[in-house]
Amino acid sequence: MELMRVGVGRRDSERIPEEALQRIISTLANKNDEIQNFIDTLNQTLKGVQENSSNILSELDEEFDSLYSILDEVKESMINSIKQEQARKSQELQSQLSQCNNALENSEELLEFATRSLDLKEPEEFSKAARQIKDRVTMASAFRLSLKPKVSDNMTHLMVDFSQERQMLQTLKFLPVPKAPEIDPVECLVADNSVTVAWRMPEEDNKIDHFILEYRKTNFDGLPRVKDERCWETVDNIKGTEYTLSGLKFDSKYMNFRVRACNKAVAGEYSDPVTLETKALNFNLDSSSSHLNLRVEDTCVEWDPTGGKGQESKMKGKENKGRSGTPSPKRTSIGSRPPAGRGSRDRFTGESYTVLGDTAIESGQHYWEVKAQKDCKSYSVGVAYKTLGKFDQLGKTNTSWCIHVNNWLQNTFAAKHNNKVKALDVTVPERIGVFCDFDGGQLSFYDASSKQLLYSFKTKFTQPVLPGFMVWCGGLSLNTGMQVPSAVRTLQKSENGMTGSASSLNNITQ
């Protein structure tokens, strides 16, 4: 019994922690998902083999039928040539034979007449007959007739020898298919919302005419999935061994790439697919928590002066109808109103014409761009903590940072934080680039076109931040899914000691 207790104790001491078991479960789930994807790939490949084999057999039949048709046409043409030559020679010989028969008939008749004339006894009759015979012989066609055939019976000039053609037909084989190229991930480059894909041939092939590159977006790492929700897109007729896709919106975590080589006749096998990471911040505007006077749709926001009034008048009408000693059961008081939007935060109200992004930034470096309508009178662009109050305006609290553009009455361009203002002596750009380095505690604004630094906040973010926007009498449009531009990264490396950051706005640590 004592031994049994010791054994049980040992088993208890070897009990696997829950976190370790969770990791094992996660590993098994990932492996199962990987195997299932491979099974889907095998099934898709098997189906492709069957379909492609059927298509190739059909094409082979068509090609041989075409060859048979050409051979039949050539045979028919040659037969006609032989028959025409036969007819021509036969006609010549028949004509010559007819002439000879006529000449022979006349000559035999003349010979018979001459033989009979030898029996004539009267000298005068004999002399007369002899003259007639002489005249007839002189005019006889038999003496003018050629006794050589006009044509020969030789037909060897129409004989054939298909030995070379037979040898050529015996060398018929499948087309030389180019080998699959090899994509070199080390040589591929993902930067500035562009992807450069580079590849090479496993061996030199001077018959390659061009390459075909295919790509698609995916949220799955590793091998492409057969059941991926996106279709392959194609770039054809690439002459070199690399290609750059530019102006991409990185709205997925990864992109799959594959390439195939083509000669003048046929395309080869695809390369092994390569998956490249195309991670970028993607977000929309959170319409569920925006100010009533803002009309929000995905990545666009516009000032709408009637947005709140219509709903407010409705609410007032309902309130008047339900006025009594007790509140209407259909009415919901502000205090008991269910949370609207992200983070249990009420809709912005008052003069806080604000809307936030729907995705929080908790780490890393991110970049997005904002473009204002030309007639926009006032707007702000920046970031804020989720705790930004519903009456708070961007830059007027210690929970938000922004740059503000005012085109109403007087033109001003300034950086704002904690109700402190720093005037910016630069021209307001058409598009503003926003760079947020959460871990480094930096928020910088750039001219999106020239990448000129407009202003940079330095702080320490202690909570996740949301992209924030304020607009009055106008509208803003966003461009997300962007990588941090190379020019901005370069500037960030050398910008830490620059005086462009106003320390007066950045001393407060949140």
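One-based numbering along the chain as shown.
Placement of Cβ uses the backbone N, Cα and C atoms for every residue, glycine included.
Across the residues of the coiled coil (83-117), the predicted structure has a mean pLDDT of 88. Summarising the annotation, TrEMBL assigns coiled coil to 83-117.
As annotated by TrEMBL, domain 'COS' applies to 118-175.
TrEMBL lists 177-281 with the feature domain 'Fibronectin type-III'.
Residues or ranges marked as region 'Disordered' by TrEMBL: 303-349.
Residues annotated as compositional bias 'Basic and acidic residues' in TrEMBL: 311-322.
Summarising the annotation, TrEMBL assigns compositional bias 'Polar residues' to 323-335.
Counting residue by residue with DSSP, the domain 'COS' (118-175) contains 31 helix, 0 strand, 27 coil. Beyond its flanks by at least six residues, the coiled coil (83-117) meets 126, 129-130, 132-133, 136-137, 140-142, 145, 147, 149-153, 155, 158 of its own chain at Cβ-Cβ distances under 8 Å.
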